[in-house]
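In what follows, a structure is listed as C-alpha cells, so that the remarks can point back to it.
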Amino acid sequence: MASNENALIEIEGLYQIFGPNAEKVLPKVKAGASKDEVLAETGHTVGLQDINLAIDKGEIFVIMGLSGSGKSTLIRHFNRLIDPTAGKIKVNGDDIMTLPMKELTQFRRHKMSMVFQHFGLLPHRTVIENVGYGLSIKGLKRSEWEDKAKEWLDTVGLAGYEEQYPSQLSGGQQQRVGLARALCTDAEILLMDEAFSALDPLIRYDMQSQLIELQENLHKTIIFITHDLDEALRLGDRIAVLKDGKLVQVGKPVDIILNPADDYVRAFAKDVNRARALFVKNVMSPALPMCSSDNIEDLKLQLNEHGVAFRKIDDGVFEACTEIDSNDNAVWLAVASLKRNQLLQDILPTMLESKQPLPVIDKSQQLCGYLSHKALAKMLQLPHQTEAA
Amino acid sequence: MADASWLTEFPDMSRRELLTIRKTLDSAYRDFSREYGDSIESLFDPLLSFLVWFEHLLIQTPWWIILFIITAIVHFATRSWKLSTGVVISLLLIGYFGMWEDTMRTLSIITVCTLLSIVLGIPIGILMSRSDRAQSIVTPLLDVMQTMPAFVYLIPVVMLLGIGKIPGVIAVVIYAIPPVIRLTNLGIRLVSKEILEAATAYGATPTQRLFGVQLPLAMPTIMAGINQTIMMALAMVVIASMIGVKGLGQPVLKSITNQYFTLGLLNGLAIVALAIIFDRVSQSYAKRTQKHLEGQDHG
C-alpha cells in the first residue's frame, strides 16, 4: 500500500460496484472474482477495484486508460461526485468520506476545482460569469469577484470576451474558460477529466503547453485524466495506468515507456515516439561534473567518472572538457546548453552537432545534469519486439 | 352456470347489482358533498374574492386604460411594434363588435387559471424531476386528467361546489395544468449531466443547483409548457361556460342552442384573438430572455 509523507491525496482500498446490491457483491469482488464473473453471476458491474494511490502535493498526476477502464469514474471520487462502494479518500489526512453534506460543499468550494471534457460551462451565463461561478456560489458579490475573474480570463488569453456567451466561442476558447473558472477559485487541487480530449490536435497541444506554463508558477496538484499516452507523457510527473477498473502501473513517464508492467501497458508504450515523449530531464544524468578551478586532479577524477567535466563561464553558458592532453592541459571547448524541459526531438540536432556530452540547465540557468550521446542512443532504441515475429 | 350462454354473451353482472353499486357510490358522494360542501367551498373563498375583484377591475376600468395597459405589457414583453399594433387593432375590433365585457371576463379567468396552473404545476414538475417515484405516480394521473372527458369531472365538482366561477376555475385548471407539469419535469431532466456535475463540483447546494442551473436551463421547455397551458385554458372557455362561467363562452353556447352562426363566429374569433395574443407574447418573451441560445450553431 502506497503511503508517503508528502501525499496530499491518498486513496485506500477503493471499490466501486454499480448495481442495486453493491454491498452484497463487494466480498466476492474483494475475494478476487473477475469483472466478467461478477457480471455473469450477479448482474453487477465492477467499476473500480482495490485502487490505492498517493498523490503528492504539487505534481501533475495523470490517470490513463482506454474508455471503459474506469478513469472518469475514478476522478469523480476525488470530490465525491460519485460515492465509492468501499474505501477511503483522504485529502490532507482527512477522510472526506466521513464529511457531512454541508462540509462536503465547503470542501468542494475551497479545496478542489474541476475541468470537464465537454467544458460543463453554464450556457445561460456570460463568459465572465462562468469564470466567477465558483466564487459567486460562495456568496461573493459580482463586484468582489469580477476583477479576479477578469485577471484569469486575461491569463488564459481571452480578454475581451467577458460578455459573450459560451455558445459564441470555439471549443478551444470554451475550454480556456473552463480552465479560468477552475483557477479562479484558488483551490489547490485541480481535477481535469479528459479536459483536452474534445479539442482538435493543434489546439490540444496549445492547451497542454499553456497548462505546463501555468503550472510552473502555480504549483497546483493536478489530477489529469486522459486516454492519450502522448498527452500523459507530456504532462505527467507521474502516470497511473488503469485497466478494467484496476491499477496496472503507477510510475514516472520514463518507467511507463521503459519498464512497462504488463502487455497492456507495453501495447500503449510501443507506439510512442520516444523523441517526442521524453524530455532531457528523463534521459540526462543528474550528476554535476563541475570543475570550478583548474585543479587538474579534480578534473581527472570527474573525467574518470563521467567522461566529461564542465566549467561555468556565465549563467547558462558552459565549457566542456573531455580530454587532457599529454602535457596535462585540459582542452576546454564552448558547448551549447540544453534545457531540462526540452523534448528530445528538439535537442537532437544540437546533440548531433556536438562531439561532447552537453550540460543541462534548469530554469535559473544553473547546471542540473548532463546528457551523453550514449544515454540518448540507448533511450531512443526501440524496445526489443520479441513478439513481433 | 349450467347453460353455456357465457360463450356467446359477456358474463356481465346483473343490472340490479350495477344499480346498487351506482346508487351506493352516488349517495355516498352526495352525503359527502352535503356534509362538507360548504366548508370546502369556504376554502376557496379567498380565490373567489380575488377572481371577482380582478374581473371587476378589468370591467370597471375605462376601456382605453385597459387597452393601453395591455398594449404596454405586450410591447414590454416583445419589443415588437408589429405585434403591439396587431394587439391594438384586434382589441379595438373586439370592442367595436360589442364583446369588450365578455372578453374582459374571459381574460380575467384565463389569467387566474394560468397563474394557478403555473404556481401549482412548476413545483409538481420539479418534484417529479427529482424523484422517479413521484414521476411514476404523477404521470398516470396526468394521463387521466388529459384524456378524461371534461364533462365527467365537471359532475362531482358541480355537485360539491355548485355552479359558478370556482368550479369553472377548477375544471379549467385540471384540463390545462398537465403540459406545464410534464414539460417542467422534462426540461429539468434534460439538463446536461455534465453541467450539473460542474455546478456540484464547485460546491453548489441543491437549491443553488435548482435555481441557478436547472430551472434557467429548463426555461425554454417550461415556457413551451406554459404556452400550451394557456392554449388549453382558452379551449376550455366554452365548456366552463356550461357551469356558469361568464365570458366569451356563453354567447358561443347560446349560438349552438339557437343556431346563431354569426354570434358564434364572432365570439369564437375573439377567443382566437386572445389565444394568439397570449401565444405570441409568451413565446417572444421567452425567446427574448433566452439570449444565450442565439448563435448556438457556432463552433
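Here the Cβ of each residue, glycine as well, is placed from N, Cα and C on the backbone.
Just so you know, TrEMBL annotations are computer predictions that nobody has curated.
As annotated by TrEMBL, domain 'ABC transmembrane type-1' applies to B:103-282.
Taken from TrEMBL, the feature transmembrane segment covers B:57-76 (among others).
A Cβ distance under 8 Å defines the sequence-distant neighbours of the transmembrane segment (B:83-100), meaning residues of its chain 6+ beyond its ends; these are 63, 67, 70-71, 74-75, 248, 251, 266-267, 270, 273, 276-277, 280-281, 284. Under the heading transmembrane segment, TrEMBL lists B:83-100 (among others).
Per TrEMBL, transmembrane segment is recorded for B:106-129 (among others). Within the chain, the transmembrane segment (B:106-129) has long-range Cβ neighbours (under 8 A, six or more residues past its boundaries) at 47, 50-51, 54-55, 57-58, 135, 138-139, 165, 168-169, 172-173, 176-177, 180-185, 187-189, 210, 214-215, 222, 225-226, 229-230, 233-234, 237, 240, 245, 247-249, 270-271, 274, 278.
Taking Cβ pairs closer than 8 Å, the transmembrane segment (B:150-177) reaches residues 29-30, 33, 37, 40-41, 44, 47-48, 51-52, 109-110, 112-114, 116-117, 120-121, 229-230, 232-233, 235-237, 239-245 in its own chain, all 6 or more past its ends. The transmembrane segment annotation in TrEMBL covers B:150-177 (among others).
What TrEMBL records for B:229-248 (among others) is transmembrane segment.
Residues or ranges marked as transmembrane segment in TrEMBL: B:260-278 (among others).
Through the fold, the transmembrane segment (B:260-278) approaches residues 74, 87, 90-91, 93-94, 97, 99, 102-103, 106-107, 110, 227, 230-231, 234, 237, 248-249, 251-252, 254 of its own chain, all at least 6 residues removed from its boundaries and within a Cβ separation under 8 Å.
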